[in-house]
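Peer 1: According to TrEMBL, the protein has these features:
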- 14-31: compositional bias 'Low complexity' (COMPBIAS)
- 358-372: compositional bias 'Low complexity' (COMPBIAS)
- 380-419: compositional bias 'Polar residues' (COMPBIAS)
- 445-467: compositional bias 'Pro residues' (COMPBIAS)
- 163-288: domain 'Palmitoyltransferase DHHC' (DOMAIN)
- 1-38: region 'Disordered' (REGION)
- 349-428: region 'Disordered' (REGION)
- 441-489: region 'Disordered' (REGION)
- 64-82: transmembrane segment (TRANSMEM)
- 94-111: transmembrane segment (TRANSMEM)
- 210-234: transmembrane segment (TRANSMEM)
- 254-276: transmembrane segment (TRANSMEM)
Amino acid sequence: MKGRDYCVVPTVDPPGSASASPLSPSSPAAVPKKKMPQRKWEVHPGRNKFHCNGRIMMARQTGIFYFTVALIVVTCGLFFGFDCPYLAVNLTPAIPVIGIVLFVFTMSTLLRTSFSDPGVIPRATPDEAADIERQIEVPNGQPSPSYRPPPRQKEVVVNGQTIKLKYCFTCKIFRPPRASHCSICDNCVERFDHHCPWVGNCVGKRNYRYFYMFILSLALLCVFLFACVITHIIMRSQKANFLKAMQQSPASVLEAVVCFFSVWSILGLAGFHTYLTTSNQTTNEDIKGSWSSKRGRDNYNPYSQGGIVKNCFAVLCGPTTPSLLDRRGLVEPDPTPQQYTMQMNGTGVRLGNYGAIPTQTTTVQPPAQPQQDLDDNHQKPASKTTESPETAKSNNTTDSGYSGYQGNTATTPNETASTPGALPPINGAESVASIVSSPAILPTLAPPPAGANPPVTPVQSTSPPPRSVSEGDALGDDYNKGMSNFGSI
């Protein structure tokens, strides 16, 4: 229809429609994804593997651990499938019960040893490492022949015995007594015993008791299986010959072979750790001979409780210390410049990046405009003050260190910028002679020294160019034509 204006209203497609723009605010691609915070186990510097959101901690090399689990499970499975039914009927029903109890206890101690924190000591923070290095480094960086830097070890006295604390260059800490750095896991471990590939973890202060119970229970399980398998074969051979008995139960033969070659090493390992437990030593200390007699001087173990029973209670029944690693804790995000830019109590102090020196900043305000007084439609010239170059330079320099800011200045047609050494504006009431004779201009117009060419400064006129006669006539004709039209109306 005529006389009506129409406008096009833009339509917004719904987010789920196929025509929705990928850059529209409603599209899923335009919505920024929120970054999930990291757990500390995800940034752990050691060579470890974590499972179940950091609850399970193991070494990276776990192939032998899986072989150990498979060997125990397969051997016990063959025993419960082929030997237990015959022995429970012909000998006693207690054999399956004893076998199940030993199997469950062995597997539980194995998993507890493998999945727990052995006592890893956290590495030093950058501030702690810098403080230690500051204590060790040469003063003022100028080594002298007579200066001897402090050794990278400390000495403490434990029960009358001097213990040396060595410095770990990887963890940047002085290791506590009985601690050592594991080269496989790349961690310092409290009361470090050894790294056991069969359990896939280090053996230290927090899991040694479970490791010892695993070795002891595995030795008992291995002896029990071997004895039951041999009994089964002998009972079958009484009804037939020995070869037919082996043919009737080939699984028993396989179990006997596995147990025969395993029981000796397991029994020897259990006996060795029983000796260490009763003397309250570690494998690392026993191999190094830390408490053996050296150079004819008596050297005793300061950690011994004075008896076999007391040492066993101290190792196996003592309280379990909590883990020093906050594995499931959240990692604090690195500070960003935006997070550290703030106003503090309105003082204008702005903090820079992390570790930077705070700088003082001020707000620069432009110079005030000259006040104009209108009286009887006549404009009075604004009073001006001249500044020396030193004063102008100090006023144009801010606390932030940036100099040369001139602000937002504006000049009217009747005034010009007050530059040191420039001529002031000339009004109709003043003469050139009075301006030249003023004290502010006399130094500028001083005669140059002899032999020097005086500088020539061109003077530019700021007055608008005069109009031509033709332009004035054209403007007058337009004015008269407009007035005549107005009168006719």
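Positions of Cβ are set from backbone N, Cα and C atoms, glycine also.
Bear in mind that TrEMBL entries carry predicted annotations, made automatically and left uncurated.
Source: prediction; values computed, not measured.
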Peer 1: Cβ under 8 Å to the transmembrane segment (64-82), counting only same-chain residues 6 or more beyond its ends: which ones?
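Peer 2: Distant contacts of the transmembrane segment (64-82): 58, 96, 99-100, 103, 106-107, 110, 114, 197-201, 218, 221, 225, 228-229, 249, 251-252, 254-255, 258-259.
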Peer 1: Count up the helix, strand and coil residues in the domain 'Palmitoyltransferase DHHC' (163-288) according to DSSP, in that order.
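Peer 2: Breakdown, helix to coil: 75 helix, 20 strand, 31 coil.
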Peer 1: Need one number: mean pLDDT over the domain 'Palmitoyltransferase DHHC' (163-288).
Peer 2: 93
